[in-house]
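Here's the structure, in structure tokens; my notes come after.
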Number of protein chains: 2
Amino acid sequence: MSRANSRQMKLGAFLMAGGHHIGAWRHPDAVAEAGVDIDHFIGLAQMAEAAKLDMIFVEDAAAIRERNVNIASQAARSTGFEPLSLLAALAVNTSHIGLVATASTTYNDPYGLARTFASIDQLSGGRAGWNLVTSASELEAENFVSSGLRPHAQRYERAEEFAAAATAVWDSVDAGAYVVDGNVYVDPGKLHPVDHRGTHFTAAGLLDSPRSQQGRPVMVQAGASDAGKNLAARTADVVFTAAQTLEEGQEYYADLKARMPSFDREPDDLKILPGVSPIVGRTESEARAKYDALQELIPDEVGVALLASYLSVKDLSQYPLEGPLPEMPQTDGIQSRQQLIIDMGRRENLSIRQLARHFAGARGHWQLIGTPAQIADELEERFYAKAADGFNIMGALFPAGLEDFIILVIPELRRRGLFREEYEGRTLRENLGTRIPARGA
Amino acid sequence: MSRANSRQMKLGAFLMAGGHHIGAWRHPDAVAEAGVDIDHFIGLAQMAEAAKLDMIFVEDAAAIRERNVNIASQAARSTGFEPLSLLAALAVNTSHIGLVATASTTYNDPYGLARTFASIDQLSGGRAGWNLVTSASELEAENFVSSGLRPHAQRYERAEEFAAAATAVWDSVDAGAYVVDGNVYVDPGKLHPVDHRGTHFTAAGLLDSPRSQQGRPVMVQAGASDAGKNLAARTADVVFTAAQTLEEGQEYYADLKARMPSFDREPDDLKILPGVSPIVGRTESEARAKYDALQELIPDEVGVALLASYLSVKDLSQYPLEGPLPEMPQTDGIQSRQQLIIDMGRRENLSIRQLARHFAGARGHWQLIGTPAQIADELEERFYAKAADGFNIMGALFPAGLEDFIILVIPELRRRGLFREEYEGRTLRENLGTRIPARGA
């Protein structure tokens, strides 16, 4: 127990409408139109907070998720709240849990986005986090620019400048700058106007709110390319990642943490949280039955279309379902996810249908099916083996999937000293234990 | 009473941190750091809702409001929530009142902004409104573009295209498109992908949420230039305006409503709400004392700096305080407000100090000081004289200024049949009585 006391898991609840499983909306326990049901989201966030989870996490794309509306519809991920307005609504219905949303550096401006996250930080008392993405979807590009999706390298170059400018905006106001004592409103010595004039952006003013209670909103990233890992090593407090195997997890973990010293950061200032989709049963067969019931809800055409979208290719329907993936050209989409799927197909010798069904369940993430002890064993192994600092829990079906994890697995993790009994603080940064960056860092 | 029954006032509560009066934050009843106190805003919104007001309204600039931080600080308007996240937080704490926020067509993209307002519409059950502005402040421009503030005509050209694209995004999904019955998720015949490829923007997809419960978010505008009035006549449900005199109000009202038929719209589909700052007392002298107490809280340098900012000039401090305004060149700032100030100075022969103190109180809007009956008389006169369809109430100090209006003036308006006893519906559009635009209109 002593080693557990010195290092505990950080846990996020990755929320997604009716569930991460692609067939979740067809399940008898599904919440109808979960994506735009705010009471559903408030219930999930409050449940996660009662269990002392570090954060809720929401993904985003500024577009529907699939060009073929018949399939998009089945994917059931094409309607939802815009994440920052969702976070604001959750902020006033929670008190301790971190609130992390995805936002794009390609379709926003740093001043505008930095002030919105600062606003959510004020609304929540220092619990906001920004999952920085560069947006790899063509459907998003079509909603914004006539020239289509920008190349990977160009998106990351813009993201680097975006992160620097946004950080400078947050750092333009020191703690205690706003005095507001009836005579003095502000201490001008505590204001440091930004003077960012870069290739992509200009930002030359002051943040229009007080400094965040947690210093800066927490920075989350998921980049797995070389450019993505460098950006994360330099700027991220949390990295959300996908790893199918222990070895993949260890390799990624070691690589990313090793990059940090060259950016003058301690490895412990960045928490690596792989995604995991746990299907929990009181017995192994109960867990397996839950999983099978979900897998039966995936029509082949939906699974294959989703797989094509993960691979950033237009269509896979011309290939035999029982055959292997064809050779894939590298695209400008999310390269790490393409590679993960291709690797898994080869490693486990899976057909297109098998790959499609697998990825339709956990969306490219680690799938665990078992009893609370079995699942805790697996998580504990990866935690101590330095493949993870914690996990982003992806319920297959909401609310049941999150509820099962909280009721059945969290107590098991606590018995092992692997997870907190109480929040350490009120801000997300305090609970994560990542240090408030100095101004200008 | 019979004519009142057929037409009643629409009333908004224009919220602003500690109050619209520039000295509000120095007042003994001020709420410290009101701009980032969400409980303060929730209290105001719930108070306005209990009184059955049509909407709360918040302004915006994506920047601090004054270059000189010593004066900005005194202005006490430079810190606050970003308006859309504020609206989202208020949406889940109210049930009937409309929620209107200002957002810029110059520093946003139509798909991104349309989906955020659609999200707030879903969060609130059809109560969102967008106050479209083109952003006239140089301080905002410096946070976004290296080339500085764009000329007035260019901003309006972009705004026209922005409004058309955003409307098309909202109209891309019909009511009832998302079936979600366990077998069918969406009816593809009810989806109408946008195909906007214009000068400034591309938007070529579908809105990622169901159609708004009120058809589309309500469109609010405040433009007073010729270009601004045409945009409003074509697209606005509500126009927020400033009129010092009855005649100014009538002239604006007649002009704007006369422009509507050429856009195939009925005059009653647009509600004109001038701003008014009422200082209410149970007696005239009590009201006057409240006003004087606020006016004493305006240091000359603050009032003059604010006046300069309203006139979009850098500085007025080189002119004698007791003398008249100098001749002003036309700028690329808000032309209507410049003219209103210049006209008032000439009409009432006011010195720079007098103008500064006047505008520091009601920020260019109509100032009323009196008993509930006196204030109701004035509002009633302008309402029946076709200078207004209602008013946007600008409390000088919050919460007291709004509370006084609600407790003292609203009952008087109700006695006269001028204001509702109960909400007509659950959506903002139902309560305003403006028709749901047909798709493509």
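Glycine is treated like the rest: Cβ placed from N, Cα and C.
Just so you know, TrEMBL annotations never went through curation; they're auto-generated.
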Would you identify which residue of A:THR94, A:THR102, A:THR105, A:THR116 TrEMBL lists as part of the FMN site it also attributes to A:ASP60, A:HIS152, A:TYR156, A:SER225?
A:THR102
Under DSSP, is A:HIS152 (FMN binding site) part of a helix or a strand, or is it coil?
helix
Which has the fewest other CB atoms in a 10 Å radius around its CB: A:THR102, A:SER225, the listed binding-site residues?
A:SER225
So the record assigns A:ASP60, A:THR102, A:HIS152, A:TYR156, A:SER225 to FMN. If I measure every Cα pair among those residues, what is the longest distance in angstrom, as a whole number?
19
